Amino acid sequence: MSKFVKIFLRKALSSFDRIYTYKVPETMLEDISIGRRVLIPFGKGDRFNEAFIFSILNLKESSEAEKLGDKIKSLAAVLDKGPLLSNMQIKLLAQMKQLYSCTYGQAASLMLPAGFNLQLAEIITITDLGLDELDDTFIEIALEISKKKNKFELSKFKFNLDDFLLKSYKRNDLISLAKDGLININLSSDQKIKRKSNEHVKLINREEAISLFEDSALGSIQQDSIIEYLISFETASTQEIIQNCNVKRNSLKTLESKGLIEFFHKEISTDDIEVDSFDPELLPKNFNVVSDNDLSQEQINAIASINSSINNRLNKEFLLYGITGSGKTEVYIRAVRNCLSKGQKAILLVPEIGLTPQMVGQFNLHFPEKITVLHSGLSQRERFDSWEKIKAGDFEIVIGARSAIFSPLDNLGLIIIDEEQESSYASDMSPYYDARTIARLRSLNENVTLVLGSATPSLETFYRSLDGKAERLELSARAGMADLPPVEIIDLRQDWNTDTEGIISNHLFEAMQKTLNREEQVMLFLNRRGFASTVLCSECGQNIECPNCSITFTYHRDKNLLICHYCGTTEKLSKICKHCGEESIINYGFGTQKLEAICRKLFPEVDIFRIDQDTSTNSKKQAALFQKFRESKSSILIGTQMIAKGHNFPRLTLVGILNVDQMISRNDYQAAEHAFQLITQAAGRAGRADLPGKVYIQAFDVDNYAIQASSRHNYKEFVEQELNFRKALKYPPFSTLAHITISSENKNLTAQASRELYDIIEKTIIDNNLNDLIVLKPAPANLYKLQNRWRWNIIIKSNGEDQIKKLSSLWHKISLMKNNDLIRVSFRLDPA
């Protein structure tokens, strides 16, 4: 009986993204396995497509498939030396398709490095018969494409089949010409990044080589030396022969021309591939190694609970809720050590690339040679090589940002998500997955212990601990008996420093002076980069907005440019207003650049470091800047949220948190939560070692509950108020939200399409009895225009059972209805 497999396409649109059945030719029977990459003929024209084996049909299923006969196509080729995706990854991508309504291929692409993308092309060559019998039209097109002068020059030219399709030829016509023997059509496939290989040499005819060598008929000492070496070792790398035989490449080429040897490439074993995913020189230095005797009782209890789950292979979730500086990392290290002792492996996620060196530095002290790093800051080659070695089992620990959750570790025993509250764990590109949700799926599928750590957990995660879905482990005291720094709120209505344009209050300025005089360090946290946050006309009041986005430009003084932080558009700063023509353009507000300029004016003798996306364009630059600040004495660190979390600076004793009102006033139901988290994380940088710290929060709305709770380091006080607010308005964690974004380059078309989609959603809900879904009417998005596309949102609330499943099911039905190429519609779950 024939064998059959089910496959999914690597690149499929939603309309035809499903599982297909294919027959396995006898020559491929021994090569097929789940997760293996294959080439298949697909569609009416049987175009070759990249696909993956989803499952292998059993005897009963194969018997049913065989009845369909020729209706089922056969695999064209089996690729690679083994499966690229494991059985568990195939299961996970199927879950992701159902959850996020993405395609199988989109989910699979997250699990593979970009270098594995195949570039497929069908190549046409003209046969001798074709040169005689092909009609003039075909020959003329061929001459035009190839730029040859006469048809006899076409005999060795290779054409891309698509070039003929562009000249109005139909695919079936070309296939007919191939069947008649007038042309040949062959498939060409190329991979963007190939596995590393070395050039090798081998003998073509061993007996002939021995005979020539013994008769001294090779013509030179160098050639004799090469042949003698190959007679002994049969094959060797080119470099090895050149070094051991003391010859040049020319001698090898001469032997090749005589037909005695041939060159070939041999893939390098993963054992021999060097992976430089992190530079040890850029890792933070002088970490204190904490002995087990120095652990607090709360740390010991937390470690025991986590290790018990690891030892019993439980898919159990823990929330490690510990205040800043409470020693969560020490818990992570001991949990990982126990995991590795059981022969299992671990993934550790950090929210940003900038935090990776900090975490790698600490783990590298305990687990040298066992760690690799995965994040978007690596080159495609670095990511490819790391992925290969992870899959080969060469590393036991993977540390990285969001995408590292898809690492192909076998025998995974532990997943840790540090700073789990961070929004960066949710993808802002399709498919809109959340690394925390993927971690929970992997925990369930593979019986893995999951630890989510934070000083300010997301409300959704904290609510899971109240609801019994996660066990909460608390660390309520700072390690080493250090105290949390006292926090003082400065009312900017009462303390406005005209010398600093109100940016640094008098009270904070005096505290900075005293701190720097003691040769201690200051950190100023401002979650806005640039020099001026707004550029406007003082005459007509119009903001200067990016032409592609409904957002004001930010002025960057060092480049004298207006820059849009959403799409990257730049403009030169003009003094003349585009709207009214008056010479009345002014800079209003401030960012990290302006804050740096003011600090340099106030403290000209002090070392000042600014860390934001403008100054640290890659992880190495960022790590180097942090290290310089760490090694300095009297200095000031200025930055955005990338400086606010995860870092430990022993001499940092003063933290100033600026422009807090801007964080709280965002038009977002999570604004207060995100503000509380950032304030608490930034405040937590002060006084982490022997020196006591102090924190100042500058604000106008000083009575805001998020500011008040953060000033008391009281997370539970904030949570109580915020949960009451969320429950009253049916926001997460008391519901699941689906955000549907409709966009196009035409303003009116976007509005019309949004209303039509709203009607479709309403009807679908009624027809499918999805009564617990609440649809809010379409409205312009907060960021109304982005990258020259007008955007509207439709929000759906679900507060019944199987909320996410129902929302995903609804979206799947809607996505099949989309057929307008001018409109883009995206779907995102919150929480996802």
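Glycine too: its Cβ is placed from the backbone N, Cα and C atoms.
The Zn(2+) 1 binding site annotation in TrEMBL covers Cys537, Cys540, Cys577, Cys580. Feature annotation from TrEMBL assigns Zn(2+) 2 binding site to Cys546, Cys549, Cys564, Cys567. Per TrEMBL, the feature domain 'Helicase ATP-binding' maps to 309-475. Annotation source TrEMBL lists domain 'Helicase C-terminal' at 572-726.
All features noted in TrEMBL, drawn onto the structure.
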| residue | record | Cβ within 10 Å |
| --- | --- | --- |
| Cys537 | Zn(2+) 1 binding site | 20 |
| Cys540 | Zn(2+) 1 binding site | 12 |
| Cys546 | Zn(2+) 2 binding site | 24 |
| Cys564 | Zn(2+) 2 binding site | 20 |
| Cys567 | Zn(2+) 2 binding site | 16 |
| Cys577 | Zn(2+) 1 binding site | 19 |
| Cys580 | Zn(2+) 1 binding site | 12 |
On the 0 to 100 pLDDT scale, where does the domain 'Helicase C-terminal' (572-726) sit on average? 87
So, in DSSP terms, is Cys540 (Zn(2+) 1 binding site) helix, strand, or coil? coil
Cys540 (Zn(2+) 1 binding site) and Cys567 (Zn(2+) 2 binding site), distance between Cα atoms, whole Å: 26
Can you tell me the three-state DSSP label for Cys564 (Zn(2+) 2 binding site)? coil
Looking only at C-alpha atoms, tell me how far Cys580 (Zn(2+) 1 binding site) is from Cys546 (Zn(2+) 2 binding site), rounded to the nearest Å. 17
For the C-alpha pair, I'd like the distance in angstrom between Cys564 (Zn(2+) 2 binding site) and Cys537 (Zn(2+) 1 binding site), rounded off. 18
Expressed to the nearest Å, what is the distance separating Cys546 (Zn(2+) 2 binding site) and Cys540 (Zn(2+) 1 binding site) at their Cα atoms? 18
